[in-house]
Amino acid sequence: DNVEWSEEQEASARSKVQENSSQLLPQDKQEEYEVNAKRYWDDFYKIHENGFFKDRHWLFTEFPELAPNRNPSQNGDSVHESSNKEESNNEGLGSCENGHCSLETRAENQLNLIKSTPKICTEELATQKCSELNQSDGDYPGSSASYRILEVGCGAGNTVFPILQTNNDPGLFVYCCDFSTTAVDLVQNNAEYNSSRCFAFVHDLCNDQSPFPMPDESLDIVILIFVLSAILPEKMQCIVNRLSRLLKPGGMILLRDYGRYDLAQLRFKKGQCLSDNFYVRGDGTRVYFFTQGELDNLFTTAGLEKIQNLVDRRLQVNRGKQMTMYRVWIQCKYRKP
């Protein structure tokens, strides 16, 4: 944990990035990836379903705000305990599938999907439902809850279900949304899904006309885990602004995402770079690699105050393959005054 990089290692990483970003994709190809972004993520979840990601039980070490005995005033500058197991066992350690060098690899704890007819959850239907809710009268999912959490980019539910399993607070209500209809279907058809405690919906963050099912200033926590990096950089500020409006005063955004010079960035080849530190994977999904300053600027511009903004550098060793791999993640907590 918290490995210090030498100047030589930093220079080597910078050189690799300069090399793999020296050739940008043509503009028409870049526009194609933006237009078809939803299809690429749908395809990703259709291929991997629930097998690619691992339930994030490390969440409660890094983000105690999500645990039953939450302590929102905890000093956010403390660094991780050894119980934080983002890395998987050595068998799958460092495996990258189609460029997805995420912290999760194929899980032992696969989500238990029930074999039923998938519930249709199109964005059009979600929009219709949201517009039907009379939010001014408090008539919306979770309106009676005392603690509301929204996870943006919920995928197959590997954050949502550990929260629901661990936190038995009767006042808790968890919202979760994803760009991918396939991902939301996986969540809704999971045996652990309980509509009295959770509401999953399809949502396009980049569409500011796409409504949320809850009113502004109604959320205690917004979770962004490896989500903001998948979005076109020029759209990020607008998205953070939208999410900050949903927070109650004192509410927080919790983020964990890819840091500059992470292993995943260094492994890209020439011809996969879209713009500075923004790449397209072989399956058409995209990823950006942040600095602390970039994230601080996004959140403070949205009117939030910093509680935590740290770089987590990890050295992972696969003894079987005799490989050493350096991961770089950034973790942030920003609070609405």
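Keep in mind that glycine also has a Cβ here, set from the backbone N, Cα and C atoms.
Worth saying up front: this structure is predicted, and the values here are computed from it rather than measured.
Feature annotations, courtesy of TrEMBL:
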- 1-10: compositional bias 'Acidic residues' (COMPBIAS)
- 78-88: compositional bias 'Basic and acidic residues' (COMPBIAS)
- 150-253: domain 'Methyltransferase type 12' (DOMAIN)
- 1-32: region 'Disordered' (REGION)
- 68-94: region 'Disordered' (REGION)
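With DSSP states grouped into helix (H, G, I), strand (E, B) and coil, the domain 'Methyltransferase type 12' (150-253) comes out at 32 helix, 30 strand, 42 coil. As a whole-number mean, the pLDDT of the domain 'Methyltransferase type 12' (150-253) in this prediction is 94.
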